[in-house]
Amino acid sequence: MPRSPAKTSPRKGSPRKGSPSRKASPKRGGKGAKRAGKGGRRRRVVKRRRRRRESYGIYIYKVLKQVHPDTGISSRAMSVMNSFVNDVFERIAGEASRLTSANRRSTVSSREIQTAVRLLLPGELAKHAVSEGTKAVTKYTTSR
């Protein structure tokens, strides 16, 4: 004989089977219970700051606008360019580091960077990169 649904479901306000009672317990005071400790101060909620993603995007965009002012770039193409710049940077930095340790020095100088660029980039591209780099270093030292 089936039971009626009213008898099987718990009554409103009664605790469920296996869960603690909702009545005032020593841990949790009732409505008028005052908490011990500092007089009613609220705990400040600390928001987690979003981690900043570093990229060469703004610089790639500036160069694009210098070369082709009327051309845009998609986010996928920007991602590819960013990966390319990171790759070239890592290659040059790694080679410059090896050159520095081979010369038994502890500081990477512009000379090691220049040699690394000459070793990594082919022919005419290396010459242009070295001349542009020298120009940039000269501009930086004169502005200081």
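Glycine is no exception: its Cβ is also placed from the backbone N, Cα and C atoms.
Swiss-Prot lists S14 (among others) with the feature phosphoserine, giving similarity to another entry as the kind of evidence.
As annotated by Swiss-Prot, phosphoserine applies to S19 (among others).
Residues or ranges marked as motif 'SPKK motif 4' in Swiss-Prot: 19-22. Looking only at the motif 'SPKK motif 4' (19-22), the predicted model's pLDDT averages out at 56.
The phosphoserine feature in Swiss-Prot is assigned to S25 (among others).
Here S131 (O-linked glycosylation site) comes close to no residue that lies at least six apart in sequence on the same chain with a C-beta under 8 angstroms from its C-beta. Look at S131 (O-linked glycosylation site): DSSP puts it in a helix. Under the heading O-linked glycosylation site, Swiss-Prot lists S131.
Summarising the annotation, Swiss-Prot assigns ubiquitin cross-link to K139 and lists similarity to another entry as the type of evidence. In sequence order, the list of same-chain residues 6 or more apart from K139 (ubiquitin cross-link) whose Cβ falls under 8 Å from its Cβ is empty.
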